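Quick notes on the structure that follows.
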Amino acid sequence: MELSDANLQTLTEYLKKTLDPDPAIRRPAEKFLESVEGNQNYPLLLLTLLEKSQDNVIKVCASVTFKNYIKRNWRIVEDEPNKICEADRVAIKANIVHLMLSSPEQIQKQLSDAISIIGREDFPQKWPDLLTEMVNRFQSGDFHVINGVLRTAHSLFKRYRHEFKSNELWTEIKLVLDAFALPLTNLFKATIELCSTHANDASALRILFSSLILISKLFYSLNFQDLPEFFEDNMETWMNNFHTLLTLDNKLLQTDDEEEAGLLELLKSQICDNAALYAQKYDEEFQRYLPRFVTAIWNLLVTTGQEVKYDLLVSNAIQFLASVCERPHYKNLFEDQNTLTSICEKVIVPNMEFRAADEEAFEDNSEEYIRRDLEGSDIDTRRRAACDLVRGLCKFFEGPVTGIFSGYVNSMLQEYAKNPSVNWKHKDAAIYLVTSLASKAQTQKHGITQANELVNLTEFFVNHILPDLKSANVNEFPVLKADGIKYIMIFRNQVPKEHLLVSIPLLINHLQAESIVVHTYAAHALERLFTMRGPNNATLFTAAEIAPFVEILLTNLFKALTLPGSSENEYIMKAIMRSFSLLQEAIIPYIPTLITQLTQKLLAVSKNPSKPHFNHYMFEAICLSIRITCKANPAAVVNFEEALFLVFTEILQNDVQEFIPYVFQVMSLLLETHKNDIPSSYMALFPHLLQPVLWERTGNIPALVRLLQAFLERGSNTIASAAADKIPGLLGVFQKLIASKANDHQGFYLLNSIIEHMPPESVDQYRKQIFILLFQRLQNSKTTKFIKSFLVFINLYCIKYGALALQEIFDGIQPKMFGMVLEKIIIPEIQKVSGNVEKKICAVGITKLLTECPPMMDTEYTKLWTPLLQSLIGLFELPEDDTIPDEEHFIDIEDTPGYQTAFSQLAFAGKKEHDPVGQMVNNPKIHLAQSLHKLSTACPGRVPSMVSTSLNAEALQYLQGYLQAASVTLL
């Protein structure tokens, strides 16, 4: 694409069309842009439009399109073509900073994001002058430009907050500090002075405070990994100014908005974060500044209102106190009883109150409420911060704090008892306070793992939680119901089993509550209880204990999916899945109804899949239905096929990308349930599974391979006789997979199934070509993962076709190649093979090479016989060699999978690990001893002589042990 006016005009027209609400106009325009984005100059045309277009809407559209283009294409992925040519990359980096800084703020943000995406890949090595260009702009004095630089620097450097320590990271941070720390400090001082100069100019202050917020965020990022020498030397400058800003109050910066935090609140919030970082990580250096910050932040807390706009500030201020109070250095600041009482009364209790805004979220924005309350995304809420402060104080002052709070809890419960319908919020705060007080350590998976022994959790449960849940009206006091259910979830490991068992029917009733939060919590609590483990690692609750409630449990769970707002509620679907898993055959009588409901739900959500977790659990539930029913009655598989195939066909025909991998996995499960040959309905699908377009989506690959393996296991004879013309297509899939470092193991899974199951004559003509492809890949790109898979394959081939066939195919490709493979690959690398089945395949294969391959005994290969035996004994006895060459540490590959598909999206569609050797060999060591005995019978004297002269002493000792265990000797 040339950088011409005509192309700019065309691009403008198509960008305009992408904004059209009519899909008939919008979609073709989007498709056109996708089709041309691979052309040279395409990104430069977008940047030129940004600069030259007079239409602001087109400029914004071009900036968003450019950012998304960079996001999709900038990263260079191994095994894939470079999507942006080098000339375009150079031109983009040369122009983008200047363009970003000279653009209006709306466009500046998009380009700033694009720079940070490029920077993540290219900075510093491939973009060394980026920092210099940015720092030079500080001199401009134009705060529009300066804020653009700061925003970009923030998006570039914020990853330092969560990167793992490494030499590479230190080197980069040092480079950034050398170039950036001094100019940033000077800018900080200059901006503070300008704030004084312009103290009465509201518009100037807004720009300057935006800068101070970004500068404070950069301070946090640059100080996160370690305390840089520069910032230690300049701590006085930073901390004095932070303290001044923390105590500053300028009426011009106050806002009327009760919801949205203003610039002053955002700046103070960030300063609280910065102070907490120093108090936690650099307490020695920060010690002399700390008392001033504690006082300032305390004053801030007792003077700040309850409005939502102050939430972030208050929660960060409380988090600062929480991080300080649990450090031994600062214990003395809190140990006075009056101080503790004051903190409880003035900070903790007021910030645990259930406010009108919380009530509004509970009723009208339940999804967000649940996300915050249940999933721990409440990191910035007042309640969460107050809870953390309680935990922090309990670290050193558990007794006094528990005593103070017990008084508050009792008085709150008394207030509630006086008039429950008016004072229910008092009980809500009491429950929250007890939860905060009792929880010392908590995980998502297990609830509370460590509790405050001074709080009687069971007594509180019986007296104050159970009565609310036993109330006949499930819709009364919904917040308290949700609190009670959450209490069960959190303290499920502390409350005795008999009380939990009493709760189960109550939770089942609450699945019918109108409140989305209440019925969601009820489903989640049931799901968590059903996963609890007893002393012997079996589930704590047995199917027999839940049996009395089976019908009402299943009915209420499926009814809950029909309640307003919960048609795709992931917690309910997860509870359905977990109930199936726990109850097993107890659900069989209900399956016909349940599978109909699941199928209808699947059809409905396939029109517009928008809830990935819900969809996942739905497919898991379908798999469980199939597994449980067909285990009891394999013939029932036909009923499932009748119920599901119509929907599956629609999903495949409409190319519902999110569901296709799931459909293939369920079909694999169904096909594997057939014990004999493949039904014709599956065979009709077989040719379609080989279409290249399906294999282009990496998400499909594991599921497709699994399905093809099922075809090969169940119907290899049918394929060989009725679909022999499809074998080249099958091998074409193998060839594509083997060429990719990310998917080569999937190629081996497919190849192993072909070798194991297909009639030998149907693949004879392709065998040599298969080996040539594997050797080409070995030559071009040898990785540890590939070698492990290759070793399993050649040994499986040896078991299937015989040792001599393996030697002949190697030497048929190139003379003496068999010896090279033994010497360069099998002997040195066999130790790397992992997994019991994989090791067994290799052991049996190598045993065959040692004892059933005549050239190993009487040609130039004989010298490799003992080293091969030694390597096999090493495979049995030495620890696995899990070293990876240095150059492979940074290859982005999955953990090395085993012989069967390690990746299985659906846990309940997973298949048992398949052992192709099976009962043929139970104990590979005994098998080796027996095979050596047989060989020594055929050529007396030779085997003992080779073993005694060349095998090292330790290996010889192990071998004698195998011979003894097998009750055989070498002749």
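Quick reminder: no glycine exception, Cβ is built from N, Cα and C everywhere.
Features of the protein shown, as given by Swiss-Prot:
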{"type": "MOD_RES", "residues": "Met1", "note": "N-acetylmethionine"}
{"type": "DOMAIN", "residues": "29-102", "note": "domain 'Importin N-terminal'"}
{"type": "MOD_RES", "residues": "Ser112", "note": "phosphoserine"}
{"type": "MOD_RES", "residues": "Lys574", "note": "N6-acetyllysine"}
{"type": "MOD_RES", "residues": "Lys824", "note": "N6-acetyllysine"}
{"type": "MOD_RES", "residues": "Ser931", "note": "phosphoserine"}
Fill in: Secondary structure content of the domain 'Importin N-terminal' (29-102), with strand meaning DSSP E or B
53 helix, 0 strand, 21 coil
Worksheet item: So for Met1 (N-acetylmethionine), how many other CB atoms are inside 10 Å of its CB?
Response: 15
Discussion item. Helix, strand or coil for the residue listed as 'N-acetylmethionine'? Use DSSP.
Written reply: coil
Worksheet item: Do you know which of the modified residues Lys574, Lys824 has the most other C-beta atoms within 10 angstroms of its C-beta?
Response: Lys574
Worksheet item: In whole Å, how far is Met1 (N-acetylmethionine) from Ser112 (phosphoserine) when you measure between their Cα atoms?
Response: 26
Item to complete: Report the member of Ser112, Ser931 (the modified residues) whose C-beta atom has the most other C-beta atoms within 10 angstroms.
Response: Ser112
Practice prompt. Between Met1 (N-acetylmethionine) and Lys824 (N6-acetyllysine), find the distance joining the two CA atoms and give it rounded to the nearest Å.
Written response: 50
Item to complete: Rounded to the nearest Å, what's the C-alpha distance separating Ser931 (phosphoserine) and Lys824 (N6-acetyllysine)? Just drop the number here, would you?
Response: 25
Practice prompt. Can you grab the distance from Lys824 (N6-acetyllysine) over to Lys574 (N6-acetyllysine)? Cα atoms, rounded to a whole Å.
Written response: 50
